């Protein structure tokens, strides 16, 4: 047996073992040099076939069960993938081998120079590498060496070429395959990639105008425009069956190709009238639109109505009178007019007119019709061709009215019944025994007057009829009733004949029986109770918006804008479904503030932590209106870095929600007190619950604390309502002491206090520039966010002012008296200057590290006298002299002598610059120095500053203040309430 036969036998044996054709030489790839003889043998169980780049240079030798491909001079053109299949094998299967003919002069074999795909499909650029060793240095470039677009996503296979994945229309270019050969770049011939738009529908088509009317001789224009995502589409304009030859304008706009046909007619004639159709054709199909062009001899104005011109409507109902107008040229004027007959009806008629090219529809609405609105209503229209009118006659139907009188006719007693109404009423008489206001169904019919005398029948007025009933001799204890009715309703009136001899009177003692007296007493008691409850309700404080916006002023007389009249911009509306609520940050008498996560606020993928204000479910309508007013004021003011800014709102589909910035470090007052406790120690700091975190919540707890009015410890009931998280457990706080450790752990420096003061002043200057008065400037209403940035807010909603002794009852409101200017306390005058006074109190809070203003002084008549006489608090322990001078300027009794917030900002900026130049002011005093400062402050007394009282009396008061520091007593006394 020869070697060749043995080889065939071995290959056949291997194929039977595998069940698929086998190619020799084995292996997925074969690399040869140019000019080499290449032999590919495929062996199967039956006849086999070759598939691949088989050119005439290949010789095919069939030797079943094998097939042999041979070429004596291999070139780079023979590079490619060759497949061997066995058609007769039911199991299918094929064998594959890839042939490389590595030609250094031709590293690429390009199978096609043009590739067309739909947008979004993968595009294969068939440039095959002839040498697998060059794969590391291949790349894809655009023609003339330009790089591919940055967004082009492609991959490379040496067997197949480059594949651009999900080709885009913008990637329509000529590409070249590039390889590094012996240090130089060799590119293939160009391959034009054509990316076509996926035509999923017809071209967009517009034919304007939709309807056209012209007078003979006028000019006209018809525009047919079409747009398509691909340039391969046509557009045509036809008049009837005739295709018009019109020059076409092309453009590319908004990623669409546009083609426009414009027909201009300078002098139209009747031959130009008719149907015009515009057709656009693309790969998907045709799309057509048509219009009608009418040519008329002259202008016209036609008025019609689908309603009857004679209208009858029941009084109290609504009617709409509608007129349809066809006019060319368009209407110059039109109006509805009431033509009478009731001259006292002068109300402005409410009508709506809708225009549609050459047609108008005007509708006059008459709601809840009154009798005086009956009459003629005329619609009058005018255009260049003249004028025309259409008149409706409106008659009102209403039930009868009856009046019965008695008269003598021919010496006989006669009852006269006058009935008026529309339509004409019919009259019947009945009588019943005894005196009664109305006869029942058992009453006997006396007369059915079907021929009542018509006294008056005027158009648009009621019809008045008379009916007479002769009763002869009067009978005592009998009632006569006249009944009138029409299609709308009925009415009646009774008449009692009075007999002089039959008159009787009840005894006086029967008028006030014990039962009657008891009922009257109970009614009086209930009335008193109702009045008492009403008084208590009126005295109950209501949730009000503290912020006010000035509309105008004259002297000290201010006119404020009604916030309910401010517009609400729907741009603030935010889907309530995109809010994920967390814990309650604060809860007060009227509502609460809840932590929430807002999804898509500002940007679609944004996730932002926010604070959401909402009312309690038991809120009254005026409180809901107040929250809506607060929302309108915040949106009216706009944004500023140093106010708690509005982020959005939910006003539809549920309770009103106001979305504001979330300030993670809570209010400034608690922040200062935490810092004071950390710096000075518990014995010298203000009271603070160790479990209380920084937040918004009002918690009223009875606990041990350090007295805030001085620097001495005491025990009692803490009545300051702090803003803290709902849960006092540190494990449940999202912002616990551990979370705030980094921020709180940084030592509090003088520059921090100056920054707080300056930031609040900048926020107040912004509010003043917007003519806005805050009316509750205090450290508790200032929040701190990351970076120790102070933001002004108003948290009356989430503060339990019912139990906060800082708010004193005056009238039916609770007011922060210790922070209020004299003119606000005594004259109820609130201005920007009164906010400046409150800002001075806020400065005192900041530089005393959170002490309560006017320490040791109760809010009573003596306190009011001190304020009126110009009493000022002493310089705080940590305030530089210049800062205390600003406080004193803010506390000037004459409002006009107080500085503006802009001036305060300048003064604080100057002080901050001095602080940077003087190192001694960088850090606040230590515990020892603070202690001495506190003692010094006590010796100086709370009465530092100007006072009109004698010095001796003031000194005794200061000494008494210091003596009180040694006595354990509540921080704020329970009798801090003053009624206006």
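Glycine is no exception: its Cβ is also placed from the backbone N, Cα and C atoms.
Here is what Swiss-Prot records for this protein:
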DOMAIN    299-397  domain 'Ig-like C2-type 4'
CARBOHYD  45  N-linked glycosylation site
CARBOHYD  73  N-linked glycosylation site
CARBOHYD  94  N-linked glycosylation site
CARBOHYD  153  N-linked glycosylation site
CARBOHYD  275  N-linked glycosylation site
CARBOHYD  286  N-linked glycosylation site
CARBOHYD  302  N-linked glycosylation site
CARBOHYD  335  N-linked glycosylation site
CARBOHYD  410  N-linked glycosylation site
CARBOHYD  477  N-linked glycosylation site
CARBOHYD  490  N-linked glycosylation site
REGION    723-743  region 'Disordered'
REGION    918-959  region 'Disordered'
SIGNAL    1-19  signal peptide
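Features as recorded by Swiss-Prot, highlighted on the structure.
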residue : record                      : DSSP class
45      : N-linked glycosylation site : coil
73      : N-linked glycosylation site : coil
94      : N-linked glycosylation site : strand
153     : N-linked glycosylation site : coil
275     : N-linked glycosylation site : strand
286     : N-linked glycosylation site : strand
302     : N-linked glycosylation site : strand
410     : N-linked glycosylation site : coil
477     : N-linked glycosylation site : coil
490     : N-linked glycosylation site : strand
Cβ neighbour count within 10 Å of residue 73 (N-linked glycosylation site): 11
Model confidence over the domain 'Ig-like C2-type 4' (299-397) (mean pLDDT, whole number): 92
Of the glycosylation sites listed as 153, 275, 286, 477, the one whose CA lies nearest the CA of residue 302 (N-linked glycosylation site): 275
Nonlocal residues around residue 94 (N-linked glycosylation site), in sequence order (Cβ under 8 Å, 6 or more apart): 20, 21, 83, 84, 85, 86
CB within-chain contacts under 8 A for residue 153 (N-linked glycosylation site), separation at least 6: 164, 165, 166
Residue 73 (N-linked glycosylation site) versus glycosylation sites 45, 275, 490 - nearest by Cα: 45
Alpha-carbon spacing, residue 45 (N-linked glycosylation site) to residue 477 (N-linked glycosylation site), which is rounded to whole Å: 130
Among 275, 286, 410, 490, which are glycosylation sites, the residue with the most C-beta atoms within 10 angstroms of its C-beta: 490
Long-range Cβ environment of residue 335 (N-linked glycosylation site), under 8 Å and at least 6 residues apart: 379, 380
Spatial separation of residue 275 (N-linked glycosylation site) from residue 286 (N-linked glycosylation site) - C-alpha basis, Å: 18
Other CB atoms within 10 A, centred on residue 45 (N-linked glycosylation site): 17
Candidates 410, 477, 490 (glycosylation sites) - the one closest to residue 275 (N-linked glycosylation site) by CA: 490
Whole-number Å value for how far residue 477 (N-linked glycosylation site) lies from residue 410 (N-linked glycosylation site) (Cα to Cα): 25
C-alpha spacing of residue 477 (N-linked glycosylation site) relative to residue 490 (N-linked glycosylation site), in angstrom: 26
